[in-house]
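One structure is given below, encoded as C-alpha cells.
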Amino acid sequence: MAVLEVSGLTKRYPGVTALDAVDLDVRPGEVHVLIGENGAGKSTMVRCLSGIERPDAGGMTLYGERYQPDSAADALQAGVRVVHQELALLPNLSVAENLFLHHLPHRAGVVDRSALNRMARDLLTEVGLDLSPRTPVERLGIAQMQLVEIAKALSGQCRLLIMDEPTATLTPKETGRLFEILRRLTATGVAVIYISHHLEEIFEIGDRVTVLRNGKHVTTQEVAGLTTAELVRFMVGRDLAHEYPPVRPRELGAELLRVTDLKITPAAPSLSLAVRAGEVVGVAGLVNSGRTEAMRAIFGADRSASGRVEVRGRPARLRHPRTAVRAGMSFLTEDRKAQGLVLDLSIAANMSLANLPAVSRFGLLNRAAEAASASALAEKLRVASRGVRQHVRALSGGNQQKVVLGRWLAADTDLLIVDEPTRGIDVGARYEIHQLLLDLADAGKGLLVVSSDLPELLGICDRIIVFSRGAIAGEVPRAEFDAERVLNLAYSGYLKGVAV
Amino acid sequence: MRRRTALTAVVTVTTALALAGCGQESTDDPAPGQAGGKPTVCLVMKSLANEYFQQMQTGAVTHVKERNDLTLDSSGTQNETDVDGQVALVESCITKRARAIVIAPADSKALVQVVAKAVKADIKVVNIDVKLDDGALQQAGVEVPFVGPDNRDGARQSGKVLADLLGKGGKVVILEGNPGADNATQRKNGFNDAVSEGGLTLLDSKTAHWETDEANQVFASMLTAHPDIQGVLASNDSMALGAIKVIQERKANVKVASFDNIPAVKEHLQSGVMVSTLDQYGSKQAADGIDFAMKMIGGEQVTGWQKTEIKLITKDNVGS
Amino acid sequence: MTAVTAPRAVGGRWASQVLGEAGIGVALVALVAFFLAFAPYFGTSQNVRDIMTQITINTILAVGMTFVILVGGIDLSVGSVIALCAVVAGTAMTDSGLPTALAVPFAILVSVVIGAVTGFVNGFVTERWVVPSFIVTLGMLYVARGAAQQYTGAATIYDLPPGLTRFGTATFAGLPAVFVVAMLLVAVAWFVLSRTVFGRLIYATGNNEEAVRLSGHRTSLIKVACFVIGGACVGVAAIIYMARLGVASPILGQGYELNAIAAVVIGGASLAGGRGSVVGTLLGACLLGVLSNGLNLMGVSDFQRTMVTGAVIIVAVVLDAYRRRLSVRLS
Ligand SMILES: Nc1ncnc2c1ncn2[C@@H]1O[C@H](COP(=O)(O)OP(=O)(O)OP(=O)(O)O)[C@@H](O)[C@H]1O
Ligand SMILES: [Mg+2]
C-alpha cells in the first residue's frame with residue numbers, strides 16, 4: 001500500500017494555477033524526489049500536504065486513510081513531518097526549545113529542562129551540528145538554522161518526511177550526513193518526499209522522481225536509468241548544452257577592494273583579501289567557517305568588526321551598510337527572507353530599494369520609471385510573476401531569490417558581494433544568473449561570490465579563497481582548480497584543531 | 001541558566017525587602033508624629049492636577065504657616081479615581097505615625113477600610129470634600145467627622161438661579177460629572193431638585209466626564225437633537241466652558257448654571273451666558289479640616305457633618 | 001511562465017481593488033445609513049459640520065500616529081504631550097505681550113516644536129537603546145503630563161486671543177476651518193507616504209527593517225523621523241484644541257492616545273508595522289466620530305453608549321479582516 005496517494009490536486013492563486021490536477025504516489029521506504037522550475041508548484045504541493053494551504057480540488061490518502069489536514073497541527077498529528085523551504089524558527093527561543101516546541105518534555109506542566117537539553121543534544125549530534133542546545137536561534141547562521149529545521153523534523157514520530165530544498169545552503173559535508181539519516185529512516189519504512197535544485201543529489205539519494213512544470217505533472221520515473229540531460233529536458237522543456245557558461249579570459253583592472261587585518265571580533269583571526277576590477281573571486285568553506293561573517297563585516301553590517309577596508313584605494317569605514325553602498329558595494333545576503341526581502345512590498349519596490357535615487361527626483365518617486373526598470377530586470381532574470389506590482393510574498397522561493405538579486409543588479413555598483421546567489425534557483429535560471437555575473441565581470445566589476453555549491457564556484461570563478469574555522473586557509477587560482485584541493489583546505493583548520 | 005537567574009532574582013528581592021524592613025525599624029521615631037515638638041498632620045488629597053485640589057493644598061499650606069503649631073505632610077494621587085494609590089498614601093501616613101489625617105476620599109466606600117485602620121491606630125481622622133459612606137463607616141465600626149460643603153445644596157442653589165430666570169416649563173439639560181463619583185451624584189441630585197422645584201423640563205442628562213472637550217461634543221449633539229434647549233446645568237465649570245463654546249458658535253439663546261467658580265468663567269458670568277456658579281471655597285476646606293483635626297488632637301470630640309461655607313456667584317457679585 | 005502575464009479576471013480585480021482600498025469605508029457607510037434612519041437630525045448640515053469639527057483633533061493625532069505605527073512603533077504619550085503643547089503655547093499667547101498677529105504664529109511654532117521635540121526624544125531613546133517604544137512613550141506620558149501641570153500649577157489657561165478662537169469656529173467653503181486644516185494634513189501625509197522615497201522607506205522599514213538597513217539606508221533615522229512627525233502633529237492638534245475651546249488645561253487630552261491608535265488600527269494598519277494608510281486612518285477617525293455623535297443624538301444612555309462604542313470597534317475590525325481576505329480571493 002502506498003504511503004501517500006494524491007490525485008487531481010489543484011490549487012489556484014489569484015491569476016495563477018499553482019497546481020493543476022497533480023497526481024502523486026509515494027511508496028513506503030522510498031525517497032521520492034520532486035523537481036521543477038522555479039514556480040512550478042513544488043512548495044505549493046508541500047503546503048497542501050502539510051495543512052498550511054487547503055487545495056481547491058483533489059484528494060489525498062495517507063496509508064489508505066482519507067487525509068485532509070486543516071492545519072499544520074493536523075499534519076503533525078498524522079505523522080507528516082515537514083522541512084519548509086523558508087526557515088520558520090523562533091529567533092528568541094533556544095535551539096532546544098525550537099526543536100521540541102510541539103511536545104516539550106515536562107513534569108506536571110513544568111518544562112523539564114535537563115531532559116529537553118539532553119534530547120536536543122542527541123538530535124543535534126545526529127545532524128552533525130556541534131552546538132549548545134541552549135544557544136538562541138537568532139545567533140545561528142543560515143546553514144545552521146537549516147540543520148535545526150531538519151533536526152526538528154526528525155524530533156518525534158514520523159511516517160512521511162517532506163523536505164523542501166533542505167540542502168540549498170548546506171555544504172557537501174552536511175548534505176552527506178543528511179543522506180545517511182534519510183537512508184536510515186527509509187530502511188525502517190518511512191517515506192520521504194525530497195525537493196532540490198541540485199540534480200546530482202537526485203541520483204545519489206532518489207528512488208523515483210516526479211517532475212512538475214507550470215503546476216502540471218510531467219512525468220514520474222525511476223531515477224535509475226535517467227540522465228541529467230533527460231531530467232533537465234523534463235523540467236525546462238528544452239536542452240541545456242552546458243551546465244556553466246564559458247569563462248572568457250578577462251583583463252584584470254585596478255584593485256577595487258582591499259581588506260586588511262579584518263577581525264570579526266577582537267579575538268578572531270585577522271583576514272586580508274583583495275578583489276580587482278573584472279575579477280570573480282569565489283569564497284568557499286564549510287558551514288560556519290566564517291565566510292558570511294567576513295562578508296558582513298566588509299559591508300559594515302556588524303559593528304563589532306575591526307580592520308581596514310579600502311574601495312578603490314580609499315578607506316571605507318565598517319560602520320554602516322550605508323557607507324558601504326555609498327562607496328560602491330553591493331551585498332546579497334544569504335537569508336533572503338530575514339535580511340533581503342520586504343515581503344509586503346511589490347517586486348518593483350523591492351528591486352529599487354538599493355537604487356532609489358535612480359527612480360526618484362527631489363525625493364519624489366517616479367513610479368513609472370521604477371516599474372519600467374523593474375520589468376526589464378524581471379525579464380532578464382526570468383521572474384515568474386503577474387507583473388512587477390505583485391507582492392513579493394506571493395512569489396515562489398526561487399523567484400524571490402531573483403528579486404533580491406535584481407535589487408543589487410539595479411544598484412549597479414562596482415563591487416558585488418553575493419552570498420549564495422543561486423540559492424533555490426532552478427538549473428535553467430542558474431545558467432542565466434551565472435552568465436549575468438560573468439557579464440558583470442566582463443564589464444569591469446569585481447565580484448566576491450560565497451557559495452556552498454563548490455561546482456558553482458569552480459564553474460565561474462577566477463580564483464577561490466577558502467575559509468576554514470574563521471581564518472583564510474588558502475587560495476586556489478583557476479589554473480589549479482580542483483575540488484579535492486579546495487575541500488582539503490576547507491577542512492584544514494579543523495584537522496589542526498584535532499591534532500593539538 | 002534561566003532557572004538560576006530566577007532564583008537570584010527571588011533572593012535579591014527578598015533580601016532587599018528584609019533590609020528595607022530593618023531600616024524602617026531602626027529609624028523609628030521615639031516620639032511618633034512629633035517633629036520638633038509639633039504634631040504631624042497628614043493631608044491626603046485627590047489628584048493635584050486638578051486645579052481645585054491644587055487650590056485646596058495651597059490654602060492649607062498658608063493656613064498651617066499662620067497657625068504655626070503643626071507640621072503638614074500633604075500628598076495627592078495621580079488621578080481622581082486612583083483609589084489604590086490613595087489607600088497607599090493613607091497607609092504610609094499610618095506608618096509615619098501621623099497624629100491626624102485629613103482626607104478627601106477618592107471613593108466614599110473604598111477608603112473606609114483603611115480609614116478605620118487609621119482610627120484604630122489611634123490617629124484622628126477628619127473627612128473633607130466628599131463624605132465617606134455612612135453605612136460603610138458603621139460596618140467598620142468607626143465614626144469620622146465630615147468637614148465639607150453640601151454639594152447637593154450648592155447645585156440646587158446654582159440651578160435655582162437658572163430656574164428662576166427661565167420660569168416654569170423652561171427646557172434644560174444636565175451635564176454630569178464622572179458616573180459613580182460622589183460629588184457628581186450629589187450635584188446631579190441638587191440640579192434635579194432645582195428642576196423639580198422650579199417646574200423645569202429636563203430634556204437630557206449625560207456625562208461629559210468633567211472635561212471641556214467632551215462637554216463640547218456632548219452638548220453639541222444635545223443642542224442638535226433639542227434645538228429648543230434654554231438652559232444647561234453643568235456639574236463643573238470645565239464642562240460649562242465646553243457648552244458655552246457651542247452656545248456662542250450657534251448664537252443660541254441658552255443660559256448656563258454651573259459649579260466651582262474657576263477664574264476662566266468670570267468673563268462668561270459678566271457677559272451673561274453663565275448665570276450662576278458656586279464657590280465652595282476649596283482652598284478653605286482643607287484648612288478647616290486641619291483646624292478640626294487639631295481640636296481632636298487637643299482632646300475635643302468632633303462628630304457629624306461640619307458644613308463649610310458655600311457661596312452662590314452671579315453677575316452681581318463676581319466682581320470685575 | 002515568463003515575467004509578463006496577461007491580465008486575467010478584470011472584473012474580479014476591480015472588485016478586489018474597491019474592497020481593498022475602500023477598507024473600513026464599507027462599515028462607515030453602513031453606520032451612516034443606520035444613523036440616518038434612526039438618529040434624528042443626524043443628516044442636518046449643522047450636525048455634519050459638528051461631526052467634522054469633532055473628529056478634527058483625533059484625525060490630526062491619528063495621522064501622526066499612522067507614521068509611528070507604520071514603522072512598528074506606538075506613541076502612548078500624545079494625550080499628555082497635547083496638554084503640554086497647549087499650556088505652553090497658550091501661555092505664550094496670553095503672557096508674551098505680543099500682538100495677536102505675532103502671538104498666534106509664535107504659539108503655533110512653539111506648539112509644533114514642543115511636539116516634535118518630545119517625538120524626537122521618544123524616537124531617539126527607542127532607537128539608541130533599542131527599547132520598546134511602548135515603554136518609552138509610556139514614560140513620556142507621565143513626564144509630559146507632569147511637565148504640563150508643573151508649568152501651569154494646574155491652572156486652566158483662558159483669555160486666548162480672539163483671533164485664534166474665531167478661527168476655531170470659522171468656516172471655509174462651508175466647512176469648518178479646523179477640519180480643512182485636518183484634511184490638508186491628511187493630503188500631505190498621503191502624498192508623503194505614497195509618492196515619496198521617504199514614504200517608501202517607511203513602509204519598507206516597518207516590514208523588514210534589516211533588509212532596508214542592508215540596502216544601505218539608515219533605518220534608525222527613518223524611525224526617529226516618524227516619531228518626530230507624530231509629535232509635530234500633536235503640536236498642531238494642541239493649537240486646534242485651543243482654537244476650538246478657547247481654553248488650555250494641563251489635564252486635557254487624557255485618553256486621546258487610545259482614540260488615535262484606535263482610528264489607525266480601525267483604518268487597517270497593522271500594529272506590527274508596514275501596513276496601513278492615512279486614508280484608512282481618516283476613515284477610522286470618521287467611524288469613531290460618527291459613532292459617538294450618532295449615539296448621542298439617539299439619546300442612548302451613557303453606559304450603553306460606552307458598550308456600543310466598544311462593540312462597534314470590534315465588529316469593524318473583524319469586518320475589515322474578513323474583507324481583506326475576500327479581496328485577496330477575488331483579485
Ligand atoms: N501566496 C501566494 N499567492 C499567490 N500566488 C502564489 C502564492 N504562493 C505561490 N504562488 C504562486 O504559485 C506558483 C507556484 O509556487 P511554488 O512556491 O509552489 O513554486 P516552487 O515550485 O516551490 O518554486 P521554487 O523552486 O522557486 O521554490 C508560483 O507562480 C507562485 O507565484
Ligand atoms: Mg519552492
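In case you wondered, yes, glycine gets a Cβ from its N, Cα and C as well.
Residues or ranges marked as transmembrane segment in TrEMBL: C:22-44 (among others).
Positions annotated as transmembrane segment by TrEMBL: C:56-89 (among others). Among residues of the same chain six or more beyond the transmembrane segment (C:56-89), those with a C-beta under 8 A of the stretch's C-beta atoms are 107-108, 110-112, 114-115, 118-119, 122-123, 126, 133-134, 137-138, 140-145, 147-148, 151-152, 157, 176, 178-179, 181-182, 185-186, 189, 193, 202-203, 205-206, 209, 222-223, 226-227, 229-242, 244, 248-261, 263-265, 267, 269-278, 281-282, 284-285, 288-289.
Long-range Cβ contacts of the transmembrane segment (C:101-122) within its own chain (Cβ-Cβ under 8 Å, at least 6 residues beyond either end) map to 75, 77, 81-82, 84-86, 88-90, 92-93, 133, 136-137, 140, 144, 161, 163-164, 224, 227-236, 238-239. Among the features that TrEMBL reports, transmembrane segment is placed at C:101-122 (among others).
Under the heading transmembrane segment, TrEMBL lists C:129-148 (among others). Within the same chain, residues 68, 73-77, 79-81, 83-84, 86-88, 118, 121-123, 227, 250, 257 sit at least 6 positions outside the transmembrane segment (C:129-148) and bring their C-beta atoms closer than 8 Å to a C-beta of that stretch.
Tertiary neighbourhood of the transmembrane segment (C:168-193): same-chain residues 49, 52-53, 55-56, 59-60, 63, 66-67, 70, 199, 202-203, 233, 236, 240, 242-246, 277-279, 281-282, selected by CB-CB distance under 8 Å and a gap of 6+ residues from either end. Taken from TrEMBL, the feature transmembrane segment covers C:168-193 (among others).
The feature transmembrane segment is assigned by TrEMBL to C:221-243 (among others).
Taking Cβ pairs closer than 8 Å, the transmembrane segment (C:279-297) reaches residues 21, 23-25, 27-28, 31-32, 34-35, 39-42, 47, 50-51, 54-55, 58-59, 62-63, 65-66, 186, 190, 259, 262-269, 305, 308-309, 312-313, 316 in its own chain, all 6 or more past its ends. Residues annotated as transmembrane segment in TrEMBL: C:279-297 (among others).
When Cβ-Cβ distances below 8 Å are used as the criterion, the transmembrane segment (C:221-243) is approached by residues 56-57, 60-61, 63-65, 67-68, 70-73, 75, 78, 81-83, 85-86, 89-90, 107-108, 111-120, 122-124, 126-127, 133, 160, 164-165, 167-168, 178, 181-182, 185, 198, 201-202, 205, 212, 252-253 of the same chain, each at least six residues removed from its ends.
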